[in-house]
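The following features are taken from TrEMBL:
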{"type": "REGION", "residues": "14-56", "note": "region 'Disordered'"}
{"type": "COMPBIAS", "residues": "170-182", "note": "compositional bias 'Basic and acidic residues'"}
{"type": "REGION", "residues": "170-189", "note": "region 'Disordered'"}
{"type": "COMPBIAS", "residues": "199-213", "note": "compositional bias 'Basic and acidic residues'"}
{"type": "REGION", "residues": "199-220", "note": "region 'Disordered'"}
{"type": "REPEAT", "residues": "311-353", "note": "repeat 'WD'"}
{"type": "REPEAT", "residues": "355-396", "note": "repeat 'WD'"}
{"type": "REPEAT", "residues": "441-473", "note": "repeat 'WD'"}
{"type": "REPEAT", "residues": "541-572", "note": "repeat 'WD'"}
{"type": "REPEAT", "residues": "573-606", "note": "repeat 'WD'"}
Amino acid sequence: MDKEEAIFCLKQAYAASSSDDNDDDNADSVTSTGTSPAKEEELLHLKPPPQGSGASMALAAIKSNPDVITKHDVYNVKVVDHVTNKVVSYNPTFAEMHVPEQGPANPFKTRQQLAQKNTLSGYVQEAHVSHFNFETQRRTFHSYGFAVDPSIEPGSKQEKLVVCQTDFDHDPDEKKEEEIKPKNSVPNGTKTVFEKIEKRPEDKRKRVRKNDPEDIEGFMGPWGGFVNEVKVAKPSEEMQKELDEITAKRQKKGKVDEEKTIEEKSTLHVPDPTDYQGRTYLHIPQDVGINLKSDVPPDKCYLPKRLIHTWSGHTKAVSSIRLFPKSGHLLLSTSMDCKVKLWEVYHKRRLLRTFSGHAKAVRDACFNADGTQFLTAAYDRFVKLWDTETGKCLSKFSSRKIPYCVKFNPDLDKQHLFVAGLSDKKILTWDIRSGETVQEYDRHLGAVNTITFIDNNTKFVSTSDDKSLRVWEWDIPVDYKYIADPSMHSMPAVTLAPNGKWLGCQSLDNRIVIFDVQTRFRLKRKKIFKGHMVAGYACQLDFSPDMSYIASGDGDGKVFIWDWKTTKLYSKFQAHDSVCIGCTWHPHETSKLITCGWDGQIKLWD
């Protein structure tokens, strides 16, 4: 059978089946085999094919896929959950949207949970009130203390007011809603803030008006006084008493502590201030096995490993330590016990002299070039000049502000000048001979913490609480270099390297940053020393004399020592029980390190 004959047979079979379906008479007819035509057609594929060459076979349509119940046919109507579903991903019918909930109710839900909600806190129903009417009644209520009840239609006899009780002194048991009363009982009647009200009587004082500019002598303009005004220069007795009380309070609050000065004195703790040749303790010793007068640093420095001496004499925390210039055979320490002490570094390491003259804690000290004098800065707002040998206070200086740091000008021809960083953002230069300020540097935005001279003492660097670093030329009150970056932190301790090329700054983000001060004064981003914790403390740092190491104190009382070239941490050890605030390397020794802490002790390590 070719293709055309098969198609013709299919058409005849389709026509025969359609005619049998439409014929009502043939619906109940039965074939000769005893089955209906529909059944016979369904079983046609089970019969053997006809025999013979001329026989033609009619092909029947066969259903290959069975009838499967889909998920949507299980439930005739899909239920839309209004509580949990916020988004519907298909288009539901009306019956699906409003089908009632079926199943048992949750017996554990409260009445508040069972209530219908359209917000998280409850049900909100919009009221058709215009924005203008709402604002009118709201402002009227806040201004006059009453408003029209919005639940009652305006113009009706039941119109009521909502009245604020605090304005009319009602009893707490009375209702807040009252019927409209005459105009005199409610302020301004029932008029709102947008309606004109009766003007209050003219109670303002009248001014004398002489606005004619041609009248040169009598012209007053807007500066004319009031009519019948009496100008009294002397206050009355009652007013004078009030003024006296206010003045007394202000004087008591603004009392300056400058008046609380104490007598400057010093105490010598050794039996004889001179030796057998008549030399004082300022004389540099020559029998210590090392040349203390040499200008050449040691060839090689080593890490300190053990404690060899402890100086104990301060009753409170030690704030700073300073070695004697060039030789380092004497040690000056300042403390929170308002005293300054001078110690021996060699021989018996005795306490030589105590200087007392500050009323509050001493913050900083500085020797002059030859060490015969030194300055101290304290929280009593005074900077005092002392004689190192006799212990006498030579002079005192004050600007009514707290000096945070003080430095002599290192030049030999400028030893009569010194600079001090103050708490009022200024740096002042004083002349010791006259006792007056000769220069003022006012560019910082916070208290000045450190001052360091660089570039052969022609410039100095200052750091401040404003997280910036400024470079000044001597005697020029304008900074020529300003370094500030959003990533920078305040740097309350700064030390110049022995070779004068590098500036080490203790940053409060627990790092030591290095600045190149020889060429362009820029930050060396790869020279960063970290590992210690100094956030909140002005821990002093120092370089070894041969520039091999850099040492710093720590907020936990430890001492950290890094390698200068590789920035690798070489050593750390517990030095003090409290904060190790000071750390200085002896300029002529290979491994001697002096530290001080808030435990009141000064220690020598070797």
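Cβ coordinates are placed from backbone N, Cα and C, and glycine is handled just like the others.
Cβ atoms under 8 Å from those of the repeat 'WD' (573-606) belong to residues 290-292, 294, 297-298, 300-312, 314-323, 326-328, 331, 333, 335, 343, 345, 349, 498, 537-545, 551-559 of the same chain, restricted to positions at least 6 beyond its ends.
Listed by sequence, the residues of this chain that lie at least six past the ends of the repeat 'WD' (441-473) yet keep a Cβ under 8 A from its Cβ atoms are 404-407, 409-411, 414, 419-429, 479-484, 488-496, 500, 503, 505, 515, 517, 521, 538. Secondary structure of the repeat 'WD' (573-606) per DSSP (helix as H, G, I; strand as E, B; remaining residues coil): 0 helix, 18 strand, 16 coil.
Within the model, the repeat 'WD' (441-473) shows a mean pLDDT value of 93, rounded to a whole number.
For the repeat 'WD' (355-396), the DSSP counts in helix, strand and coil order read 0 helix, 23 strand, 19 coil.
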